[in-house]
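Quick look at what TrEMBL annotates:
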type     : residues : note
TRANSMEM : 28-48    : transmembrane segment
DOMAIN   : 40-321   : domain 'G-protein coupled receptors family 1 profile'
TRANSMEM : 60-80    : transmembrane segment
TRANSMEM : 100-122  : transmembrane segment
TRANSMEM : 142-165  : transmembrane segment
TRANSMEM : 185-206  : transmembrane segment
TRANSMEM : 262-286  : transmembrane segment
TRANSMEM : 298-323  : transmembrane segment
Amino acid sequence: MNFTDLFLNDTNTTTLQDMSVIELIQLYYTPVLVYLGTIGNGISMMVFFKTKLRKLSSSYYLATLAISDSIFLMSLFVVWLNMVEIDLFNQHGVCQLMVYLTGACSFLSVWLVLAFTVERFIAVRYPLLRQSVCTVSRAKTVILVLVVLSMFIFSPLLLFARVQVVPQKTMELCTIDSNFENSATIFNIIDTVVTFIIPVFVIIVLNTCISRTIWKLGSVRRKLTYRGALPGGITQNNKECVKSCRLKASTHLSQNKITKMLLVVSTVCLCLNLPSYLMRVLTYLIELKVIQDVNIPLFLTVQHCCLQLFNTNFGINFVLYCISGQNFRKAVQSMFCKRRLGRTGTTAFTVSESRTQSSGSSITKKRRNTTNEVQELMTIHVYN
């Protein structure tokens with residue numbers, strides 16, 4: 001997020017009558033987004049840190065993403081308070097801090113998405129490297145590096161932002177220090193390249209490769225399933241081999257589910273970020289007079305709409321996890337069910353009864369799935 005985007009959220013900078021509808025939408029949409037988004041991010045953090053998902057390296061990227069997004073939403077809420085005449089954003093210190101946090105969190109958000117996209121690419125395209133490369137310790141190291149980089153790269157914003165009197169408003173507003181306007185313009189260009197162009201290009205390329213690999217793998221698996229093929233030397237009577245095959249196939253299927261969920265998250269991130277950054281590029285072209293005869297009221301209206309899409313990106317991930325992540329949904333259910341059963345004191349009885357009632361069907365299901373899982377493992381071998 002650049003200066004223009006953040007100051008567009010501050011309705012004190014809006015003077016056009018055509019913006020009244022946008023302001024009305026922003027008045028009600030922003031607090032709802034902040035409230036629901038923060039709750040969703042909080043639940044996501046609990047799921048990734050307190051359930052079995054904490055064993056996955058990708059969970060640490062997503063948990064950090066939830067923290068970063070929550071900080072952004074809180075900063076957005078501070079700016080929104082101006083709409084209800086609580087002028088906190090235009091105070092010395094708060095102004096600089098909010099500009100700094102939104103810039104750093106925007107950078108951190110998209111690069112965390114890029115980080116787990118790279119991890120998924122390695123896991124899908126080079127599965128033999130997954131155990132050594134896609135580890136929790138490596139994920140923590142990458143996260144630490146990204147956090148430090150975001151803090152360092154966006155430190156100039158603390159210098160560029162300043163509360164000063166705006167001639168058109170005859171009042172003090174948080175804006176760009178007039179002494180650093182040229183430097184701020186250069187920084188915005190660098191920010192666009194680092195926060196948008198580079199990560200978006202890499203994410204698109206990697207997502208394309210991941211999707212292509214998954215499609216090929218699925219195609220091979222369907223052919224083997226249709227032909228009823230089994231790995232050479234492995235029969236259904238060999239219990240030890242079947243057990244090993246079932247375990248490996250189950251692991252592969254689990255990784256596939258994670259990959260599909262992260263594909264959805266990264267794709268939605270691109271779709272919600274793209275309009276805002278395209279409007280930023282158009283703004284540069286208009287300022288350079290490359291594009292002329294622009295309908296300014298219409299342009300600002302579209303820019304505000306794109307900005308709302310951009311802001312939505314920071315509060316929608318929990319919904320995406322629930323829609324596309326089967327493992328995430330199960331983790332959420334188990335987390336809340338355990339708490340509910342713990343309070344009633346009936347956990348042991350419920351689990352025991354459930355196991356007794358489902359034992360017959362469970363055994364039948366395991367027998368039925370043995371052949372499919374062995375075929376799934378054969379798919380992996382054939383593809384690799």
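Every residue, even glycine, has its Cβ placed from backbone N, Cα and C.
As a whole-number mean, the pLDDT of the domain 'G-protein coupled receptors family 1 profile' (40-321) in this prediction is 86. Take the transmembrane segment (298-323) and the stretches 28-48, 100-122, 185-206: counting Cβ pairs under 8 Å, 28-48 has the most. With a cut-off of 8 Å on Cβ pairs spaced 6 or more residues apart, the transmembrane segment (142-165) and the transmembrane segment (60-80) reach 3 or more such pairs and are scored as touching. Using a Cβ-Cβ cut-off under 8 Å and counting only residues 6 or more beyond its ends in the same chain, the transmembrane segment (60-80) has close neighbours at 6, 9-10, 26, 30-31, 33-34, 37-38, 41-42, 44-45, 48-49, 88-89, 94, 98, 101-102, 105-106, 108-109, 112-113, 115-116, 119, 136, 139-140, 142-143, 147, 265, 311, 314-315, 317-318, 321.
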